[in-house]
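> Grabbed the feature section from TrEMBL, which reads as follows:
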type     : residues      : note
SIGNAL   : 1-25          : signal peptide
DOMAIN   : 25-143        : domain 'Thioredoxin'
DISULFID : CYS61-CYS64   : disulfide bond
DOMAIN   : 356-482       : domain 'Thioredoxin'
DISULFID : CYS406-CYS409 : disulfide bond
Amino acid sequence: MAMSKLSIALLLLGTILLCSSSVKSEVEEEASAVVVLDNTNFTEEVGKHDFIVVEFYAPWCGHCKKLAPEYEKAAQVLSKHDPPIILAKVDGSDKTNKPLTDKFNVKGFPTIKIIKSKGEVEQEYKGPRQSDGIVKYLKTQAGPASIEIKSAEDAKSLVDDKSISIVGVFPEFSGTEFDNFIALSEKLRSDYTFGHTKDAKILPHGDSSVDGPFVRLFKPFDELFSDFQEFEVDELEKFIEEASMPLVVIFDSDESNRPFILRFFRSPNVKAMFFTSFQSDKLEDYKTELHKAAVEYKSKNISFLLGDPITSQGAFQFYGLRDTWLPLFMIQDKTNRKYLGKNVEPDQISFWIKEYMDGTLTPYKKSQPIPETNDKPVKIVVGDSFSDIVYESGKNVLLEFYAPWCKHCTKLDPILEEIAIALQNENIVIAKMDATLNDVPDEFELSEFPTLYFFSADKKVKVFKGGRTVESITNFIKKHKFPPTAEPEVTTEAEAEIEKVAQPKAETVKDEL
């Protein structure tokens, strides 16, 4: 999936005041520390460095504009690091730089890549987007995967109250346990900060008398730390993955919560999501009840999220939810079925989850309202009318799944209308459904817009992959309809090649939160 628009940047228009040319800001006086790269100098410049950071940006991108001063401040600081850490940028919207955006799989802006070993190794930047956080994150990425902690000051520098830190405690820096820890820290270094020490007494929290070997994971939520004493790599990685997630993920505008939100929605777990105003007098009661439920059902592979409906408006639109249903509880299971609890009180949360676990809840179907009139040649299908128009109509149905923003879908509209008019006296329905506002049954897989499926009167499903012309689609319908035409149209190899050329490039499905 493309990454999610979780917020909309507001462009503030103000008056530009003319100041004396003798008055300049520090940024204006000091030359930019960010190196400008493009397709002509990229390979040469990257080849000079064992570690370089490259931002792919677009001049019109609001998020890029917000990042720019923070990125510049970080570049100024890191240019003085020993050795210097170079921050660079590439205008990804410039067509001449397309070979670079293709090479680094840039799908949106800004995209930041860490490039190591003179271009041989590439990894995604997963750190903060404020200058101090950028500096701290990149210092850990440029150095060894795990840093030795020799004093309480070292520990304080590594462990903070806003991020995940993982420290291994060992009697000696050798042996299988230590080697496994270092190997895993190298693998996960882009996600977490790692350290190792021989002295547990200098670490915050926990029993300082423990000698090790053990791993202590520090986190800015829940119980603040978790200890683990298994050093088999897979088990240790599983511990880190589970212990580094809050019992209840907070979906708000705090940038430090963003990594947890992304991990929540990417998780294969059942997702329990509760939405309410963060100004509510009952907010603390909801938090308490959600935390209790998260503890109770943690072993059942259910992940919990508490969302502010203003910040999480993208999720509301994606799931087809309404503000009038707040406070709202929604569970999405592993097959993407959804169950809703509307206007939920704090003391109803545990009971509502129990009903889900007992299998007594009815799934919710995302659907636009059924149209009051549906008498145009191309029929409108919504989630609540899908069964009547497609499954149970007894007719042959050609169904287009479209998205409102898809220009190829718009171009297809007059073609489908012409076909619908031509076939109106036959046992055939031409229909369309907005796949962004209605749940699509699982048997209809979508990877692009538009996608055309044919559901025949004998209940067979065929996906249409031919050219989007009246002739091509009509021939496909006549070939697959039931009962079949006495002498069905046959597409020759030459015609197939023509259809292939005529097929326009589709637009990929965008599941944005």
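Cβ atoms here come from the backbone N, Cα and C positions, even for glycine.
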> Hey, how far is CYS61 (disulfide bond) from CYS406 (disulfide bond), Cα to Cα, in Å?
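Cα to Cα, CYS61 (disulfide bond) and CYS406 (disulfide bond) are separated by 21 Å.
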> Cα-Cα separation of CYS409 (disulfide bond) and CYS64 (disulfide bond), in Å?
30
> Least buried of the disulfide-bonded residues CYS61, CYS64, CYS406, CYS409, going by other Cβ atoms within 10 Å?
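Minimum Cβ neighbour count within 10 Å, taken over the disulfide-bonded residues CYS61, CYS64, CYS406, CYS409, occurs at CYS61.
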> For a three-state summary based on DSSP, what are the helix, strand and coil counts in the domain 'Thioredoxin' (356-482)?
39 helix, 28 strand, 60 coil
> Sorry to bug you, but what's the C-alpha spacing from CYS64 (disulfide bond) to CYS406 (disulfide bond), rounded to the closest Å?
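With distance taken Cα to Cα, CYS64 (disulfide bond) is 25 Å from CYS406 (disulfide bond).
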> Over the span of the domain 'Thioredoxin' (25-143), count residues by DSSP class, listing helix, strand and coil in order.
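Breakdown, helix to coil: 50 helix, 26 strand, 43 coil.
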